[in-house]
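A.B. asks: Take this structure, written in structure tokens, and hold onto it; I'll ask about it next.
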């Protein structure tokens, strides 16, 4: 079953909300930013979200969005492509983050329901030069629900060579106000160390013996006893079993599993979150209220020749498949 209704208004336009439901799982998505606004299991929120576009834009602009055109950070917002230098918006310290001040997560997409397949099709055409990026790109995100598993199929067709790196940016919580009590496992033997502005140094370092070692399930608080938080890219094992989850999160009887075809996952535990307005069910979102498991390519790949490429053209369009199950 798919419900479709008006949710709010933004910039003189109506923002629509679509609801997918299957058994005890109920998912709410907006055509604004492809935002995953609410995910409930047996009536309990499994993600962080808001009841208005105004609160979302002011206090949680990245909550649940499809981040892009290039998710994560680009150092100083600069890159060179085919001999031309590009300067993007600076919106995170000295760097460019998640597509800039008006990236894909701040655009209204076209939304088409597919009730027969319990799916939603989002589409958006980003014109040449939008947010400073070269080329026109047609983006498509198909979101489907089967049982307790949510699947994202993301595609992007550019008309010329251009960087693309999308990430679904939900803040997960398995029903608790502080995720430090959750147990996390990541199928990653390495991570990318960063400088003091969170830009990778270019090194790919082993996680063994560090606070980044989640190869076996580990309590987040045990890995971060000083509560400084994590905001790092983990390098998934290239030879991992793709049928097995790349990430698992547990708290009590609840269990999240995530499958991805991407080379990395950015773990962000929100140590500085302090939202002054209520979220879903009137909850207050403070430090460690949720965590992100952002399946994507590595940060600053455009300026790191040793990282996998994020360049795509008409002969090599962008594709990503992400599956998340909460039970």
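Every residue gets a Cβ built from N, Cα and C, even glycine.
Since we're looking at a predicted model, the values are computed, not measured.
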A.B. asks: In TrEMBL, 72, 73, 169, 170, 171 are given as binding beta-D-galactose, so which of 222, 224, 231 is in that site too?
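C.D. replies: As annotated by TrEMBL, 72, 73, 169, 170, 171 share the beta-D-galactose site with 231, chosen from 222, 224, 231.
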A.B. asks: Between the Cα atoms of residue 231 (beta-D-galactose binding site) and residue 294 (active site, proton acceptor), find the distance and write it as a whole number of Å.
C.D. replies: 10
A.B. asks: So which of the recorded positions is most packed in, judged by how many other Cβ atoms lie within 10 Å of its Cβ, out of 73, 169?
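C.D. replies: Sorting the candidates by Cβ neighbours within 10 Å, the top entry is 169.
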A.B. asks: Drop a 10 Å sphere on every Cβ of the recorded positions 72, 170, 171, 231, 294 and tell me which sphere holds the fewest other Cβ atoms.
C.D. replies: 231
A.B. asks: Specify the nearest of the recorded positions 72, 73, 294 to residue 169 (active site, proton donor), where nearness means the distance between Cα atoms.
C.D. replies: 294
